[in-house]
Amino acid sequence: MGVEETPSLPATETATATASGNAAQVKKLTLIPLIFLIYFEVAGGPYGEEPAVQAAGPLLALLGFLIFPFIWSVPEALITAELTTAYPGNGGFVLWAERAFGPFWGSLMGTWKFLSGVINIASFPVLCIEYVQKIIPALRSGWPRQVAVIASTLALSFLNYTGLTIVGNVAVLLAVVSLSPFVLMSLIAIPKIKPHRWVSLGQKGVKKDWNLFFNTLFWNLNFWDNVSTLAGEVDKPNKTFPLALFVAVIFTCVSYLIPLFAVTGAVSVDQSQWETGFHAQAAEIIAGKWLKIWIEVGAVLSTIGLFEAQLSSSAYQVLGMAEIGILPKFFGVRSKWFGTPWLGILLSTLISIGVSYMDFTDIISSANFLYSLGMLLEFASFLWLRWKSPSIERPYRVPLRLPLLAVMCFIPSGFLVFIMVIATKTVYLVSGIMTVAGIGFFLFIKLCKTMKWLEFSVEEQKEISFERPAL
């Protein structure tokens, strides 16, 4: 028994209002750019889906990209839509964890998601150089490669600094150019398709690599919640976010499936050739070298889009954490010219440059592990907020009652636990060190608040009581 929560203004709006004055003058993101920013947060094109065929054969790869979105992508997108409209401020998932379980868990969520995000960001300039070095061999090693990685990172970061509306419009252009060759390849492939190839379980004698298969699906269909950190920068987020997520889910799944159906049906090669980048080889087989080159150029453009979208999320996550007092107030500073969180951009850029020269194998695996921890906390936050704050205004509400919501969350949570269980000892060690560092950082920030060494944003506190909803 209890009393109903007062459906007053969400605390995030109070936090947003305390941001620097010029933030209010920043041009807001509209629907179309937001759709394509979400697209680049998650996918960026069919690049990287090929190992699913190598791991389990055409049929299971096709089924994976048909079924896995309903197990993983749709629940994550639905949760993001509900909580983003309920708490329409920057910070996203950090804000949700903080509202559900308090500052400690908000801070730890911030640590897990920020580290996994900047490690991902670091990989994109490296991938970009990997493609460019085919044309410029001097970039394969030594100081030219190092300079190229730093220069490309700084140039792309400056683009991010110029504003989200510019980044969003660039994302639209990059998506059109990078996806066009796949549309052409799929159309040209139609007369060559033999449907019986779609039902192949792979070559005889080739053992299924389930670890590679599930990791490929997971890698290509996650990060839907990253866009939540930009909620404070979106025009009419209560209406725009749910629609943008709905369109982006469909668009992303279609962009994976059509090329996969086309290539698996039209090309017969050894299963081992289905490595990352095979779509370019398939384009040459189907249409000629000109289309292969276009797809390779598209891959470079795709990495640019991925970099911009994910850097935006990391930078605005830092801004949002400053707005709710998890980070010192100066982390919320914005550019006088563009209204962008320049300190968040700078911090993310410097860390990604440092990480880009390290051995990626275990670091990226650790980033996935930290992301999984963050997602488990996110699912728990969603369910807890539904239970403890049933009457808070939710402009978009997942149309399920609490028991069914729990089932919706437990299924992808089981997959996350599976991914974590099969991790290596090195991944456990690195992730453990990063988590302990995050806890230490929270304690240090708490000391700074107690001793008043730094200035923090202070939200207006409201008396809140809760009523359990009927199950």
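A Cβ is built for glycine as well, from the same backbone N, Cα and C atoms used for every other residue.
All annotation found in TrEMBL is predicted automatically rather than curated by experts.
The annotation transmembrane segment is assigned in TrEMBL to 29-48, 55-74, 114-132, 144-164, 170-191, 243-263, 337-357, 369-387, 399-421, 427-445.
Counting C-beta pairs under 8 angstroms (sequence separation of 6 or more), the transmembrane segment (243-263) fails to reach the transmembrane segment (369-387), with fewer than 3 such pairs. Between the transmembrane segment (337-357) and the transmembrane segment (427-445) there are fewer than 3 Cβ pairs closer than 8 Å, counting only residues 6 or more apart in sequence, so the two stretches are not in contact. Take the transmembrane segment (114-132) and the stretches 29-48, 170-191, 369-387, 399-421: counting Cβ pairs under 8 Å, 369-387 has the most. Taking every recorded stretch in 55-74, 399-421, 427-445 and counting its Cβ pairs under 8 Å to the transmembrane segment (369-387), the highest total belongs to 399-421. Within the chain carrying the transmembrane segment (399-421), a Cβ under 8 angstroms from the stretch's Cβ atoms is held by residues 71-72, 75-76, 78-79, 214-215, 218, 368-369, 372-373, 375-376, 379, 382-383, 386-387, 469, 471, all 6 or more beyond its ends.
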